[in-house]
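Undergrad: One structure, pasted below without further comment.
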Amino acid sequence: MLSRSFLAIFALAAEAAATAIPRADASCTNPAVRKEWRELDDAEKAEYIRAAVCLRGLPKEKYADMGAVTTRMDDLVFTHFTLNSDIHFVANFLPWHRWFVQLHEDLLRTECGFTGTQPYWDWSIDADAKNTPNSPIFDPVTGFGGDGKHTGSNEPGFQRCVVDGPFANTNLTLAKGWPNMNDAGNRLHCFTREFNGGLGNDGNGEPIIGDMQASAYNSKVMKAVNSFDTYADMSDMLEGLPHAQIHSIIFGDMGPATSPNEPLFFLHHANVDRAWARWQGRNATRLADYTGFQNTGKTIPASITDTMPILELGDTKPIVKDYMDIQSGPLCYTYSSMEMPL
Ligand SMILES: *[C@@H]1O[C@H](CO)[C@@H](O)[C@H](O)[C@H]1NC(C)=O
Ligand SMILES: *[C@@H]1O[C@H](CO)[C@@H](O)[C@H](O)[C@H]1NC(C)=O
Ligand SMILES: [Cu+2]
């Protein structure tokens with residue numbers, strides 16, 4: 001009798017040990033709360049924008065021999081751009097971007113004195129209202145400004161620019177694939193967006209914006225993402241549908257692999273991260289579920305002990321298992337809402 005229950009307890013403990021995530025620091029008792037952009041008051045919004053503008057104004061610290069890398073933000077943009085096929089449509093898509101968003105938040109704090117917490121943009125709210133073009137995220141005063149506009153300039157790279165908001169009329173040096181997908185990655189241009197409704201052009205040759213393809217990232221889609229049982233299936237749909245469409249509907253600098261040029265990248269990826277964290281819950285199986293492939297050719301199986309490539313952004317490569325749980329190891333945050341919409 002005694003030994004039976006001892007064995008049962010031992011079996012339970014062994015199972016927990018097999019699925020639990022090792023914690024470098026067990027003290028995440030007071031996680032930072034990442035809020036939706038609309039939940040921030042005007043002072044909190046202004047503080048995030050101040051720090052985001054600041055980081056783009058600092059000189060680079062990495063990639064000394066790359067002339068096109070000029071700002072501290074370019075250090076991040078160039079890394080994401082160069083690693084493109086190592087971090088997209090492979091298993092590490094979610095943990096890599098979780099690490100990257102955290103790195104960006106850390107830089108806002110350490111290099112620009114940011115006092116807040118990384119916000120997220122829950123685009124499913126805008127999609128359900130079929131009103132993405134008028135999302136408060138694009139507000140010229142309390143948001144990130146709106147669609148790019150024709151400037152009247154004939155200079156390549158300066159014909160269509162974001163002309164309102166805190167990032168208006170700023171120059172960027174890394175521009176993979178914009179406006180032509182095959183163009184090289186070092187081309188001076190203005191920060192741009194090119195809202196894409198997927199509906200072609202009107203009689204004046206202007207794109208028809210419509211609801212900006214809301215059905216690709218509304219709460220119905222997010223419920224479908226949340227309904228999968230395995231990491232690989234959940235990650236495939238999350239990356240391939242709502243994640244990819246948000247890049248595609250904003251387009252301009254948000255379109256190609258240099259997309260961290262777009263300040264909304266980090267609020268977008270915080271929301272993608274939230275979808276993963278929501279799916280994981282506090283379920284030990286899901287917090288340890290990491291399947292799929294290391295390469296887009298799907299020949300090398302992924303493992304939770306894989307390291308993730310970061311080029312010059314750090315001295316040690318992060319390990320996937322340390323980025324599985326937003327409340328253990330190097331991470332200690334949560335999201336203001338983890339509920340699925342009804
Ligand atoms: C951006 O580059 C253009 C073209 O070289 C230049 O005319 C403009 O002054 C630059 N703007 C800023 C804000 O640096
Ligand atoms: C935890 O996740 C697994 C795998 O998706 C699932 O089968 C199980 O029902 C979940 N457990 C709870 C308590 O939700
Ligand atoms: Cu990416």
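Note that Cβ sites are derived from N, Cα and C of the backbone, with glycine treated the same way.
Pulled from TrEMBL, these are the listed features:
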SIGNAL    1-18  signal peptide
DOMAIN    88-105  domain 'Tyrosinase copper-binding'
Undergrad: What residues elsewhere in the chain lie close to the domain 'Tyrosinase copper-binding' (88-105), defined as a C-beta under 8 angstroms and at least 6 residues from its ends?
TA: 55, 76, 80, 114, 117-118, 231-232, 235, 238-240, 257, 260, 266, 269-270, 272-273, 276, 290-296, 302, 306, 308, 310, 313-314, 318, 320, 323-324, 326, 330-331
Undergrad: DSSP helix, strand and coil counts for the domain 'Tyrosinase copper-binding' (88-105)?
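TA: DSSP composition of the domain 'Tyrosinase copper-binding' (88-105): 13 helix, 0 strand, 5 coil.
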